[in-house]
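S.K.: For 1-61, the entry in Swiss-Prot reads domain 'TGS', with the evidence type sequence analysis. The region 'Catalytic' annotation in Swiss-Prot covers 243-534. The feature Zn(2+) binding site is assigned by Swiss-Prot to Cys334, His385, His511, with sequence analysis given as support.
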Amino acid sequence: MPVITLPDGSKREFANPVSTLDVAADIGPGLAKACIAGRVNGELKDACDIIDTDSELSIITAKDEEGVEILRHSCAHLLGHAFKQLWPEAKMAIGPVIDNGFYYDIDLDHKLTQEDIDALQKRMTQLAKTNYKVEKRVGSWQVARDTFEARGETYKMEVLDENISKDDQPALYHHEEYVDMCRGPHVPNMKFCQNFKLMSVAGAYWRGNSDNKMLQRVYGTAWADKKALKVHLNRLEEAAKRDHRKIGKQLDLYHMQEEAPGMVFWHNDGWSLFLELEKFIRQKLGQYTYQEVKGPLMMDRVLWERSGHWDKYADAMFTTNSENREYAIKPMNCPGHVQIFNQGLKSYRDLPLRMAEFGCCHRNEPSGSLHGLMRVRGFTQDDAHVFCTEDQVQQEVSACIKMVYDTYETFGFKDIVVKLSTRPEKRIGDDDMWDRSEEALKQALTANGIAYEILPGEGAFYGPKIEFTLHDCLDRAWQCGTVQLDYALPGRLGATYVAEDNSRQTPVMIHRAILGSLERFLGILIEEYAGKFPTWLAPMQVVVMNITDKQSDYVDEVVNIFKESGIRASKDLRNEKIGFKIREHTLRRVPYLLVVGDQEMDNKEVAVRTRDGVDLGKMRIEDFASKINEQISLRSLNLLED
């Protein structure tokens, strides 16, 4: 007679074993109708799974985040069901849940077109509208193997052969004539899978290995109701308008080409953005007392072996040979910074030593994963390493946290999610060391008034870390900043300092990044601002336009005044109508558009309007320059107002 304890503490006793669905029905028909699955003693279970002992139960519906994730997973099965009806010869690989949706990898000789995606969407809708029941059957490994062998599903057979023990009892989910294998849980009825949309198709290697066959991956999104689906699709539409690749081309910021995959060709205006971003971070380095250094781009393999990177990152490193020596282009800056630290004897009085670099790094990312500025092979890290004593860890981490928040606030990012990753199962050091280091990070976060989530066991083997994830205007998450303690690398590379008692000690190393990759962060900013950069960051801050040729000399005079005061200004003296010029520079997202005619020339003024069409009226040249320079010095996010 199981006793079921519900989240509110109430208990229900049953004479026989029950399922989550049975308990929901006992509570009321409305809950039974809405029940998707259950969390039994902390573990997700199908609504049909039997509970035969006293248990704690949470009933999951589409209102729960877990419920939405489950229905997305079931939509992947629905996609498989529809696919096999339209292309019976297709072989199904895997269909997991991803952020906001799902995908399925399929082996099919026919290359899918948009018309095929539309046909799949239609068939999925038809199937879901029948509200058919999903039947879960748990059986032996051999039953599952025979089932998929009879259906010619070679990828499912491979998963069984290589990833599932013959002692296990895999769950098969029957969607009418279609059968799929999964850990589950899944919806009990397809009535829950009504609000979905197939989004795109792409190539994907089986198991992510380029030596394997290229499959076709169909992506989809699914939500609990029509309203949520519509909101998401509207957000995607806005994201498409803000796509940094599209805006980058429109504004002539950069380009990429096949001869240098994952490498950026910065154009004049894009490079201006890059340099301004670098200048800003360099000022922050000065405020927080960092040394700026520059390490070599390439180092001998021997050093990477000593640091431990060769064992872990060799496949991602570009290498070359010269004079019988093998070199690797650096994928990260930390080993080089330890080499700089090791030059000359260091005392405890020299610590903390804060070392920063705009390090140009290269990683051999898979070609299929490259994505504009967001995922590249050549990138610049705003990387820093703090060498300190263990007693200094908390204060140094606290300073790093302040620097991260100061920086993000300048760009308007205020929704920051912070996660603390703690000791993994395989790690160096004793528990006492980990207790101290984790406590130091916790105290630093608490001292800065920062709420954080703990990720147990997610730290690196050499130390715990803090991750900073910012959310943009479309509520997308971007993990950028990290503060990572490292108790291993300094020792591996022989870093020591003379302690107060004259003993040789190994410093603690703090890895610190704020933006992460400058290229990626610029991609984020392009999309966050939709190309409308704040005045201080904008490649061109002011454009001055004449109405007739009579004002040409005056335009030159105005532009020169602006340039002398440090404002990035240009002129447009083309023999075009002023309305045409204004429209063109508005599309270029120049913050301020200045028009001069005879009256402005005679009065030594400029007529000012913003790229958003706000007319600020006439101003004296010096007054406008003063206001703009104040905006720039404050790094204001807003334009001048009327």
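Placed from the backbone N, Cα and C atoms, the Cβ positions cover glycine too.
Are these features on the surface or tucked inside, and what are their neighbours?
M.R.: Secondary structure counts, DSSP: the domain 'TGS' (1-61) has 14 helix, 24 strand, 23 coil.
Taking Cβ-Cβ distances under 8 Å and a sequence separation of 6 or more, the neighbours of His511 (Zn(2+) binding site) in its chain are Cys334, Asp383, Ala384, His385, Lys465, Thr482, Val483, Gln484, Asp486.
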S.K.: Helix, strand or coil at His385 (Zn(2+) binding site), per DSSP?
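M.R.: Note: His385 (Zn(2+) binding site) is in a strand by DSSP.
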S.K.: Counting across all protein chains present, how many other Cβ atoms fall within 10 Å of the Cβ of Cys334 (Zn(2+) binding site)?
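M.R.: Here the count is 23.
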S.K.: Should Cys334 (Zn(2+) binding site) be counted as helix, strand, or coil on the basis of DSSP?
M.R.: helix
S.K.: For the Zn(2+) site (Cys334, His385, His511), what does the 8 A shell look like? I mean other same-chain residues with CB within 8 A of the CB centroid.
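M.R.: In sequence order, the nearby non-listed residues are Met332, Asn333, His337, Asp383, Ala384, Gln484, Asp486, Leu489, Met509, Ile510, Arg512.
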